[in-house]
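Read through the structure below, which is laid out as structure tokens, and then see the notes.
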Amino acid sequence: MVRECFTFLNIFVLHSIGSHVWFEDPEVAWIDGEVEKINGQEVVIQATTGKKVTAKLSKIYPKDVEAPAGGVDDMTKLSYLHEPGVLQNLKIRYELNEIYTYTGNILIAINPFQRLPHIYDAHMMQQYKGAPLGELSPHVFAVADVAYRAMINEGKSNSILVSGESGAGKTETTKMLMRYLAYLGGRAVTEGRTVEQQVLESNPVLEAFGNAKTVRNNNSSRFGKFVEIQFDKQGRISGAAIRTYLLERSRVCQISDPERNYHCFYLLCAAPQEEIEKYKLGHPKTFHYLNQSKCFELVGISDAHDYLATRRAMDIVGISEKEQEAIFRVVAAILHIGNIDFTKGKEVDSSVPKDEKSKFHLKTAAELLMCDLKALEDALCKRVMITPEEVIKRSLDPQSAVTSRDGLAKTVYSRLFDWLVDKINKSIGQDANSRSLIGVLDIYGFESFKTNSFEQFCINFTNEKLQQHFNQHVFKMEQEEYTKEAIDWSYIEFVDNQDVLDLIEKKPGGIVALLDEACMFPKSTHETFANKLYQTFKTHKRFIKPKLSRTDFAVAHYAGEVLYQSELFLDKNKDYVIPEHQDLLGASKCPFVVGLFPPLPEETSKSSKFSSIGSRFKLQLQQLMETLNCTEPHYIRCVKPNNLLKPAIFENVNIMQQLRCGGVLEAIRISCAGYPTRKPFFEFINRFGLLSPAALEGNFDEKVACQKILDNMGLKGYQIGKTKVFLRAGQMAELDARRAEVLSSAAKKIQRRIRTHQAQKRFIVLRKATISLQAICRGRLSCKHYDNLRREAAAVKIQKNGRRHYSRKSYKKLHVASLVVQTGLRAMAARKQFRFRKQTKAATIVQAQWRCHRAISYYKKLKNGVVLSQTRWRGRLAKRELRKLKMAARETGALKEAKDMLEKKVEELTYRVQLEKRSRGDLEEAKTQEILKLKSSFEEMRKKVDETNALLLKEREAAKKAAEEAPPVIKETQILVEDTKKIELMTEELESVKVTLENEKQRADDAVRKFEEAQESLEDKKKKLEETEKKGQQLQESLTRMEEKCSNLESENKVLRQQAVSMAPNKFLSGRSRSILQRGSESGHLAVDARSNLDLHSHSINHRDPSEVEDKPQKSLNEKQQENQDLLIRSIVQHLGFQGNRPITACIIYKCLLQWRSFEVERTSVFDRIIQTIGHAIETQDNNNTLAYWLSNTSTLLLLLQRTLKASGAAGMAPQRRRSSSATLFGRMSQSFRGAPPGVNLAMINGAAGGGADTFRQVEAKYPALLFKQQLTAYVEKIYGMIRDNLKKEISPLLGLCIQAPRTSRASLVKGASRSVGNTAAQQALIAHWQGIVKSLTNFLNTLKSNNVPSFLVRKVFTQIFSFINVQLFNSLLLRRECCSFSNGEYVKAGLSELEHWCFKATNEYAGSSWDELKHIRQAIGFLVVHQKPKKTLDEISHDLCPVLSIQQLYRISTMYWDDKYGTHSVSPDVIANMRVLMTEDSNNAVSNSFLLDDDSSIPFSVDDLSKSMEKFEIADIEPPPLIRENSGFSFLLPVSE
């Protein structure tokens, strides 16, 4: 067991009766009490527990009664740096859930045994980022940040050493360190998993295979781990490596109750059912390696859930699915190997599997390891001995077989763990170019149990090495402190443990060397090893031989004496694998198993050099120390507050032992050897200035004043540095004793004066009370006599009035009864007469009404039938028309395409009709000419035939005459022959003429037939042309109707309208009237003649010559419009200023867009150009004047659009209600498509001087306009956020100065009369910081007002800024204990009054509810400065004083409060206890546990909010800028008078 060997320096301390002291107690370590009597070297103490104790004067220590109620966050600030002071400070802070405490730059972390997520969230990491050590409350993040900043700034590697016993929280602390370093040096994911992600996720994997439940801890690391996190030049994590030390292999086979084996075995047994069946597993109690303990499950831990989490972590660190399957197959094989039991075989000293169950597990293990079943059995039951002559197989007895089985299991598990570490390192990767790293060492703390074996020896050897490194570091820090303060001092004695290290590691005579020597001899036993130790170290002061044991030995470590049992030292030190096991697993069919047992190199197998666990561990430790010596160390000492592993339990004795083991008390001893008490000058003067009033009244420097105080007290050996007073041990107690005497004397004088004053006051009160009592008695008697007289007079008066009342009452009763009877009789007669007349008149009226009713009923029935028929018919027509209108509204694009097609078809048909007309005329003309030709040719042919017949007749007659006058016969015959020939020729010619005539007749008949066919075809074409014209007319009418239904006309009509607008105002008005008539016609209010005029007008436009409409006018107008847009863009780039608090730029843009009808077109580039212009203008984000100017213009333009534009099809719809919850405007883009508030005054838009005041118009916006509105909304948000963030950046440094000002600008307490001047200067210096904030706020307000930013936006900006101030000040207050003081509360309260005054001056129009946003800091400061806190109840604090603060925030500020002005205390312990109860009830709610505030950077308004907040204004009289004023294209911008 550990024996205390640490004592503090025995320094004589002056004690007096009434002094508060600490004395030792065997049960609770230290108890405080008050000295009652001093007898030489003994004192009688009245303990706070009620008992009286006698103790030696040298064994008691002074108690600081003025120590803060909440302790100090750095124990070097303790007035008395000794064991009880350290223990009490840790206990106080632990009770307040302050688990971290500094001792210089050493962080002590006490395990709370409960989750505290609020102190590890991202917001807390942000707070500690870049904060100097000690500025904020102690935290593990602060140590990590200091290491990281030192590495970045100095370029030197750093290390963080986390130590502590099992269960102290080392593993969790290491996780938080790595998480914070990943937060500082992390980068965005680029290719798969990041280095920091893999490093963090390696923890669950290594915990699963290297952690186990022990007696002291449910998740104890059974190996040492050193994580090297490498960083590149930019400070980003670039690589990492994990090094492990001394895995506890024996735990695989041997565990004790109530411990557990490694977590992975239980995780695998809780795996999904298919995996359990696959590996043939069951409940953990069925396996020998697990059922040696009755603990199978951990409270609050799900092994099934952790198994899946481990598999996910394996995926992240790069272990493939196949490798994971092989890993858990090997783990399952180890469990089955442990269930193989052996019994004696047939041969002597042989063994075989015991039963079928053992054979089953043997077979399963062989299957899982994929090795030969027989070979596995032989490897467990036999040994092979190789001699020069032969190979001998030797059987093992059952006990040796069990040892062989366990050896195989330990070897396989050890190789598996080493493979995991190598795999993780390969997966993470190391950066060869990295020059700096931060190493995080998570290693076992000092251990001492009832049974301490080889593992405890190695662990304590490691801690001895680290303690030497720690002592050197602390000694170095002390030297640096003294050198920094420039004091004269002799070098303190360095506490060294080199003798213990020589005892363990010295060659050749150290314990490790002797153990290796014993392991090399086969016949060595633990008895021979122990005897060797006894002989070698019998004179060593650190080595102890027990009296009652022959094999045990003890070593006096720095933390105490530890007794080791040497029985298993030799077996555990041997580092070799049985050849049969190596051969068996090297021949496995599983590549993974073969990889765990690679073949040994030939030289290694032939080498006879012995290798041991101890030597290898010593070499690893040497390498670790070399690495640590090359780094700048930072220390975290983890402490376990109790062995029950429960929260809110603080075991003093246990913690004192851990502080010794962790070297914390050793560091305090080093400090006590020099100057343990160090007080800054102002604190020293605050506390001890009353011992020498002359030093305060003189005009002295603080340093000189401290010197005079110490000289007056007659102290020797102290030192005064540059900023602090250094006191030797015991001097602080002497000063406190002198101070107590002065205070006691002053208290007696005060008590005497107060008693005199109270007695005098009591006498005066008593005399005054006596006189008052006498006066009251006399007055009472007089009043009683007066009452009697008054009662008698009253009785007489009552009797008189009573008699009169009764008489008058009886008379009135009789008079009323008479009147009632008379009235009744007269009324009865009148009613009877009235009833008769009424009945007569009613009969007449009934008859008349009945006749009228019958006539009206018949008429109404007939009328209702007619109206019903008409209504249904009109309803059917209206529904039909409504469906068409809806279809047209939804299919505007389709209508436009149909319209274009119809226009093309009309043009085509028109062209075809004209072509047909021309072709018909040509055909008629050709037919006429052809008929004429045929007639003329026919007449000619007829004439030729007549001439030929006449000639033939003449020739016949001539022939007859010739025959008659012929000569002789021959002559006549020749003549006859010649005539005959001529006749034949003539006949032939006649026949040919007849044929020709017949042909001509046929051609004439064909021409006539064709002419008749052409006439018929022409008639058909005429009919078709008429039908076509009729269809064209119908199409034109349909086209006209579609034009009336569509909200946008085609581009040709738009150009014609613009031309008409620019040329003649009357035409523009007519076009405007036309659009109004169109909307009126849709509502059913258009007259018939107006509709006909509109149709004619539309018809005339659509039937113009295309060359006239589309070519020249459109081209010229587009060019002119482009020029106008360019001119507009050039003008708005300039700072146009404001006119009548209205931004000119926004108004000009709006009027131009409205005039050009840009909101109603499907395509336009003007919106993009305007947006680009705004974007270029705000590129300089630090120019607040420019940002404010454009915020004013964009918000005004957005307001105009919001009130003017509406989505297509939204006419007549009710305005959409505003969003119920919206974080940002841009996040609610759909809101831009909702209907705007009804109506925009045309007088405001068009510049009309009069009339039209009751006319409202909204524009149905197309997609580009709606998109422009969305972009404008985004720019309003962006510019607003830029202005707000610029103001935040400007005031952030000032806020830091404000909260730190009380520490840096406190006035000196010395220098006599100049103290008031110093106080005034300090107050002015503090207020200067707040005035700097006020000045920034005022400048921003003036900038926003000069640019006419809407007051609504100004209020939102300052509301968020004040919320930011509230968050920053409040968080700083809760994270800095020195800020939670009474004086600091007064300072901050004075600064807040400056902000309140600013809000008052800014008026509610611009400041709004800004002052209310400071409610958290105001109430917190109110708590700091309120008096008599101990008398306040929790209800008063939480409901009256600080109703806004949560219970966590109240608890934090109550525990951190300290009164540096009056020395009063915080709230009562009962209130603190009640707060802790309430916090425990809410412990499951992570959000409620957070005491810090979050800064809200969202956009706190919507478009509707902005629209409703801004009043309507006229833009008709806005003067255009000179650049566009003279341009005729912008004449519409000029007022009407011009």
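Note: Cβ is positioned from N, Cα and C throughout, glycine not excepted.
Taken from Swiss-Prot, the feature ATP binding site covers 164-171, 217-225, and the record attributes it to sequence analysis. Counting only residues at least six positions away in the same chain, the Cβ atoms of ASN111, THR214, ARG216, ASN217, ASN218, SER220, LYS640, ASN643, LEU645 sit under 8 Å from the Cβ of GLY167 (ATP binding site).
According to Swiss-Prot, the feature coiled coil maps to 892-1064, an assignment based on sequence analysis.
According to Swiss-Prot, the compositional bias 'Basic and acidic residues' annotation covers 1017-1032. Note on the compositional bias 'Basic and acidic residues' (1017-1032): residues 905-906, 909-910, 912-913, 916-917, 920, 923-924 of its chain, located 6 or more positions outside it, place their CB under 8 angstroms from a CB of the stretch.
Marked as domain 'Myosin motor' by Swiss-Prot on the basis of sequence analysis: 70-740.
Annotation comment: Swiss-Prot describes 766-795 as domain 'IQ 2', evidence class sequence analysis.
What Swiss-Prot lists as domain 'IQ 3' is 791-820, and the listing cites sequence analysis.
Averaged across the domain 'IQ 5' (839-868), pLDDT for the predicted model comes to 90. The domain 'IQ 5' annotation in Swiss-Prot covers 839-868, and the record cites sequence analysis as its basis.
Here Swiss-Prot flags 503-537 (among others) as region 'Actin-binding', drawing on sequence analysis. Taking Cβ pairs closer than 8 Å, the region 'Actin-binding' (503-537) reaches residues 457, 461, 464, 543, 545, 550-553, 555, 566-570, 573-574, 610, 612, 614-615, 618 in its own chain, all 6 or more past its ends.
The region 'Actin-binding' annotation in Swiss-Prot covers 539-562 (among others), and the record cites sequence analysis as its basis.
According to Swiss-Prot, the feature region 'Actin-binding' maps to 597-621 (among others), an assignment based on sequence analysis.
Residues or ranges marked as region 'Actin-binding' in Swiss-Prot (evidence: similarity to another entry): 621-643 (among others).
Annotation comment: Swiss-Prot describes 1017-1041 (among others) as region 'Disordered'.
Swiss-Prot lists 1098-1121 (among others) with the feature region 'Disordered'.
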Fill in the blank from the handout: Reading the DSSP string in three states, the entry for GLY167 (ATP binding site) is coil
Handout entry: DSSP helix/strand/coil residue counts for the compositional bias 'Basic and acidic residues' (1017-1032)
Key = 16 helix, 0 strand, 0 coil
Exercise for the section: Check GLY224 (ATP binding site) against DSSP and tell me helix, strand or coil, would you? Expected result: strand
Handout entry: Fewest other C-beta atoms within 10 angstroms, as judged across ASN218, SER221, which are the binding-site residues
Key = ASN218
Completion exercise
The answer, for which of the binding-site residues GLY164, GLY224 has its Cβ ringed by the most other Cβ atoms inside 10 Å, is GLY164
Handout entry: Intrachain C-beta neighbours of LYS170 (ATP binding site), sequence separation six or more, cut-off 8 angstroms
Key = VAL162, SER163, GLY164, SER221, ASP442, ILE443, GLY445, CYS638
